[in-house]
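Scroll down for the structure; my scribbles are underneath it.
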Amino acid sequence: MNYTNLNETISLNLIFTESNYEKILENITLEDYIIFSRGPKYLSLKIVIPITIIYSVLFLSGLVGNIAVCFVIATNISMHTPTNYYLFSLALSDLALLILGLPNDLSIYWQQYPWVLGLFFCKTRALVSEMCSYVSVLTIVAFSVERYIAICHPLTSYKTDKLTRVMKVICALWIISFFSALPFAVFTTINYIDWPIGSGIAVNESAFCAMLKDNVPPDFPIYELSSVLFFLLPAFVLTYLYIRIGLIISKNQNVNGSIHGEQRTSQSRKSIVRMLMAVVVAFFICWAPFHLQRVMYIYMSNLPIFHIINMWMYHISGILYYFSATVNPILYNLMSVKYRTAFKQTLFCKKDSRYNSLARTSSNKESNGRSNTIRKHFYKLRISTLNSAELDEVLETQI
């Protein structure tokens with residue numbers, strides 16, 4: 001979640017001038033000053049109960065969905081493909097985000113302060129949540145690049161051992177995400193108010209775990225870097241990749257329609273196109289409010305209207321933030337015929353000999369000792385004359 005101070009937003013709904021601010025502080029009690037600085041300790045149940053219901057649904061559905069993804073991929077040899085390795089990593093990061101982040105964020109809705117879990121967990125919460133969100137975004141990008149290469153440059157995808165390469169990429173993504181998230185752990189801390197005011201004596205009842213603007217060096221644009229590197233740039237890359245993929249699919253459909261007399265698109269291709277559209281749309285919907293709130297916090301926090309807008313942005317971005325960890329199994333797995341088949345086999349302990357035979361054959365072809373020359377020759381003969389059925393096969397199995 002966005003570790004800015006929600007209570008700061010609530011308390012600053014009061015509009016005051018410098019003169020009446022000083023006048024208020026002259027006669028204020030400690031209890032009133034805590035409320036004045038931190039906002040109410042407990043939020044209205046009109047907000048808390050709906051948020052609790054939504055978060056609970058997201059938590060349970062995300063937990064079941066991502067565990068199912070991990071279990072199906074781990075127990076089905078036919079699912080040990082580059083694409084599913086990415087999906088497994090994505091499911092792990094989403095699980096960590098849901099388990100380590102969501103319950104804590106929900107507890108803050110029920111009691112804003114004081115923070116009672118200590119400095120270590122305060123920093124760990126920031127590190128894990130930020131790191132897992134980065135892993136999810138980078139995995140989606142890496143997964144999309146693999147898909148783009150497989151469809152638009154099929155010869156290139158066979159130049160190296162794909163499974164080995166994918167494992168290295170996944171490890172690199174987690175390492176990059178860890179170090180990219182470290183500054184958030186460094187600057188996130190437990191914030192206190194002083195009483196008497198300006199005495200430097202911290203009031204434990206006011207403890208709040210957050211990364212406020214005062215905690216970050218003024219010349220370090222941490223929020224801006226996060227938004228550019230892990231939202232705007234990935235969004236641009238995803239949009240470009242899927243536009244290119246869509247053009248390749250459309251071009252192939254038109255060419256093969258005139259050559260082979262095929263006048264309609266296969267159902268599998270329609271599903272794939274829908275999934276490609278869902279990828280970009282879900283990415284923008286889930287992550288745009290989160291990063292928008294961060295940028296607003298930096299550049300608009302002095303505007304009176306900001307505090308009302310930010311309070312609602314906090315609720316909306318939080319829901320979509322965790323929805324992104326729940327929707328991934330649907331977008332990247334349940335829309336795949338291959339995944340659904342494997343899931344049914346795992347759930348009901350059934351074996352489809354034809355399916356498994358084809359899967360083993362495909363797996364053996366991927367891991368045997370054939371030279372790249374043979375593979376290139378094979379694809380050179382086919383790439384210029386792919387018909388609709390063959391393109392569907394590439395879309396479904398070669399990524």
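Cβ from N, Cα, C; glycine included.
The transmembrane segment feature in TrEMBL is assigned to 47-73, 85-104, 124-145, 166-186, 222-243, 272-292, 312-334. Annotation source TrEMBL lists domain 'G-protein coupled receptors family 1 profile' at 65-332.
If you look at the transmembrane segment (47-73) against the transmembrane segment (124-145), you find fewer than three C-beta pairs under 8 angstroms, all six or more positions apart, and that falls short of contact. Beyond the ends of the transmembrane segment (222-243), by six or more residues, the same chain brings 130, 133-134, 137-138, 140-141, 144-145, 147-148, 180, 183-184, 187, 216, 276-277, 279-280, 283-284, 287-288, 290-291, 294-295, 297-298 to within a C-beta distance below 8 angstroms of the stretch.
If you look at the transmembrane segment (166-186), the same-chain residues 6 or more away from its ends with a CB under 8 A from one of its CBs are 3, 82, 85-86, 89, 123-124, 126-127, 130-132, 134-135, 138-139, 142, 146, 211, 220, 222, 226, 229-230.
Counting same-chain residues at least six beyond the ends of the transmembrane segment (124-145), those with a Cβ under 8 angstroms from any Cβ of the stretch are 1, 3, 83, 86-87, 89-90, 93-94, 96-97, 100-101, 104, 169-170, 173-174, 176-178, 180-182, 184-185, 188, 209, 211, 226, 230-231, 234, 237-238, 241-242, 279, 283, 287, 321, 324-325, 328, 332.
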